[in-house]
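According to TrEMBL:
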type	residues	note
BINDING	Gly152, Gly154, Lys155, Thr156	ATP binding site
DOMAIN	141-275	domain 'AAA+ ATPase'
DOMAIN	356-425	domain 'Chromosomal replication initiator DnaA C-terminal'
REGION	1-81	region 'Domain I, interacts with DnaA modulators'
REGION	324-448	region 'Domain IV, binds dsDNA'
Amino acid sequence: MDFQKIWGQFLNHIEQKNISPVLNSVLKKTLLIKIDEQVASVNCDNLGIKMFLDTRKDELSNFLSVWSGEKISILFSVKETKKTEIVSPTPLIKIEKYEIKQKTKPTGLNESFIFDNFAVSNSNNVAYSAAKAVAGNYGNVYNPLFIYGTVGVGKTHLAQAIANKIINLNGDARVFYCTSEEFTNDLIESIREKNTYNFRGKYRYLNVLVIDDVQFIGGKNYIQEEFYHTFNSLIKKKAQIILISDKPPKEIKKLEDRLRSRFSGGLTIDIQKPDFELRTAILLIKAQERNIKIDIEVAKVIAKQVEDTRELEGKLLELYSKTLRLDGEMGLENTFTPEMVSKQLFKTGQNYNNLSPHTVLKNVSAYFSIKPIIIKSSLRKENIVLARQIVMYILRNRLNMTYEDIGDFLKKKDHTTIMHGVEKITKLVVDDQKLKESIDRIVKSLYQ
């Protein structure tokens, strides 16, 4: 029996019923393996797809039964991977990496941001479907694509996945990703050097431009003027524009009406905060990417406490660094129980709520012998930057301050600077035992 042919015919039947474009897109990532005792076993490319389809399982089983004339139920599973042995109650995720073709010019992209490791659920499936459509026919559908949502919901990952896929499909495509701050700095530098020609050449002859945190151009009149002409130039030649923001165009303050109109001229789509199941799936994906074996129950404990997807990875690395100190082994499934994880990461035994950010700044300042005013300055000397990022890290992970509040305290308008600082220290403490010990001493000093 040709299961692939049968499944393809059924998917065509579903598509003709016009139930949901998102459902059609997701079902294309599945494969019928067998039909045994009135159960159709269907493999999914990753855990996120399985979780999404499980919510429609009864509906799809009914469609299959009516279409086939027999009572058949569908059982979704995840493809097993031979790459990495993961100790958990069930197979977790298979991440199919593809090679990003090398470009002669820098793209600004993170090559690990691809569709295959983007977990899908009800909170982001529409955005995922739109992103896939753009990647397959860029410049012709949903242009511009405007993705918005709060911090840590996967906006940057999804936008860069589009760009990476386009490069993979078309190695000659000129693709560039940057933040609005980097766009601004490039323009200022070109004006200073009296060479705006090169600036325009860099941005106006692209096939794909991805701008992150575009809300920060609000109120910057000259930047908006230049961006307006860049936007028009790209759209005129059917280059794809992808914009990322923490709010929709209509809510961006001090944005010129002509830009607001153009930002809204394609598809504006939001990504909601990930639900518990999606956060668990994301954590398992991050663990597999780093070759860290993690029990699914441990993942659930972390996902229950942490809503920010960036912070999920931070907690994973924080816990992993603790396992290295305990036994030197790579893996969490035997080292920590869910109860121990809850205690280690979320019940420190100290009441950090009574701390003020000024106390943290003061203690970091004393430890590094750098004045607080210097730490809060814009100076980029290496030791100053490190101290500043440690303040960010402690304020985020111990005082649970938002990126925006940390930015206000340190007088940094762009909260992406705070996110970068927190992420950098989070990753450094995994391999740099000396740095971790320094941070531990600073934290202990907060109560002495």
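Just so you know, the numbers here start at 1 and follow the chain as drawn.
Keep in mind that glycine also has a Cβ here, set from the backbone N, Cα and C atoms.
Curation plays no part in TrEMBL annotations; they are all automatic predictions.
Within 8 Å of the centroid of the Cβ atoms of Gly152, Gly154, Lys155, Thr156, where the record puts ATP, the same chain has further Cβ atoms from Gly149, Val151, Val153, His157, Leu158, Ile244, Ile271, Thr309, Arg310. The number of other CB atoms found within 10 A of the CB of Lys155 (ATP binding site), across every protein chain shown, is 24. Here the Cβ of Gly154 (ATP binding site) has 24 other Cβ atoms within 10 Å, regardless of which shown protein chain they belong to. Look at Thr156 (ATP binding site): DSSP puts it in a helix. The Cβ of Thr156 (ATP binding site) has Phe113, Asp212, Ile244 as same-chain neighbours under 8 Å, each 6 or more residues away in sequence. A 10 Å cutoff on Cβ-Cβ distances gives Gly152 (ATP binding site) a total of 20 other Cβ atoms nearby, all chains included.
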